[in-house]
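This report concerns only the one structure given below.
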Amino acid sequence: MAAERGAGQQQSQEMMEVDRRVESEESGDEEGKKHGGGIVADLSQQSLKDGVERGAEDPEEEHELAVDMETISLDRDAEDVDLNHYRIGKIEGFEVLKKVKSLCLRQNLIKCIENLDELQSLRELDLYDNQIKKIENLEALTELEVLDISFNLLRNIEGIDKLTQLKKLFLVNNKINKIENISTLQQLQMLELGSNRIRAIENIDTLTNLESLFLGKNKITKLQNLDALSNLTVLSMQSNRLTKIEGLQNLVNLRELYLSHNGIEVIEGLENNNKLTMLDIASNRIKKIENISHLTELQEFWMNDNLLESWSDLDELKGARSLETVYLERNPLQKDPQYRRKVMLALPSVRQIDATFVRF
């Protein structure tokens, strides 16, 4: 994300995307874990240090001396500006950036979103890991496509209804308790609200272009109000309070479903989700593999940490000819001394059992 175009911009975009996969991991998205690869784990590690939630930091950090923007030299012709971890305390002096398209201000000491009205060419704004309590003063940025205000102190989703070109919105690890004020964001393709205090899926009926929805690590008790999201391909609901798989009948394009760390007892409600390639139901209370024989495109099936006892249940997966990875560890059937051999015999296409690759 250097001030120059070309290779610098490409590297910038790759770094920010990988960072966001780390964010997705925080919301319980195993896809983020698979692809994140730890490339930039150190960037988010500062926020996760000792498991301290934002808003309860060391008081001394609150009084860290901010840098005066006058001491920072800005390239007036830059299209990509990266001021990551500069100890900036106030957004000011950026009006000279007439050509800027991507502005990264992550890991600073910013408390208020302000003085950005002149940056009307801005497409991407990254405010990850600051001290922002309110989304405000963004109305002029009507061309914005990517907005990241993760790891801040937000309590409400507000002040973004004019950002109608927004395609990706990241509000991970805040204190948000309700999904609201996003009905005008009809171009949105990715919505990441993991690690908040949300109790219900609501107010997303107009987001018909949404492809990825991440709501892991919240307090949601029911899968509902998803009918309009027929273009959804990824749904992450890990670490919530779900007890039943339901409300997915219209998600006919769903390819990845993450439901681990809930209170689900029965595999059901997936009759119309024939395109699933990834199903994660680990760490629930499920005793039986059932109702998924029609999921013939499955490539990964994660059901570790459940109550599975019967080997015959694996027959339910035999139609998935492309199945390569299964996680079944910490189920009662793993106690069988022939555990790995029996999995291999039942599912000959599998190349990875739990964390270990199959040897031939």
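Glycine is no exception: its Cβ is also placed from the backbone N, Cα and C atoms.
Pulled from Swiss-Prot:
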DOMAIN    331-360  domain 'LRRCT'
MOD_RES   Ala2  N-acetylalanine
REGION    1-63  region 'Disordered'
REPEAT    77-98  repeat 'LRR 1'
REPEAT    99-120  repeat 'LRR 2'
REPEAT    121-142  repeat 'LRR 3'
REPEAT    143-164  repeat 'LRR 4'
REPEAT    165-186  repeat 'LRR 5'
REPEAT    187-208  repeat 'LRR 6'
REPEAT    209-230  repeat 'LRR 7'
REPEAT    231-252  repeat 'LRR 8'
REPEAT    253-274  repeat 'LRR 9'
REPEAT    275-296  repeat 'LRR 10'
REPEAT    297-318  repeat 'LRR 11'
Intrachain residues whose Cβ lies under 8 Å of the repeat 'LRR 2' (99-120), provided they are six or more past its termini: 1, 9, 12-13, 16, 19, 43, 46-47, 64, 66, 76-93, 126-138, 140-143, 148
Counts by DSSP class (helix H/G/I, strand E/B, coil) across the repeat 'LRR 8' (231-252): 0 helix, 3 strand, 19 coil
Intrachain neighbours beyond the repeat 'LRR 5' (165-186), with Cβ under 8 angstroms and 6 or more residues off its ends: 20, 23-24, 26-27, 47, 53-55, 128, 142-159, 192-209, 214
Helix-strand-coil residue split for the repeat 'LRR 2' (99-120), DSSP-based: 0 helix, 3 strand, 19 coil
Long-range Cβ neighbours of the repeat 'LRR 6' (187-208) (under 8 Å; 6 or more residues past either end): 20, 23-24, 26-29, 150, 164-181, 214-231, 236
Integer average pLDDT (0 to 100) for the repeat 'LRR 10' (275-296): 99
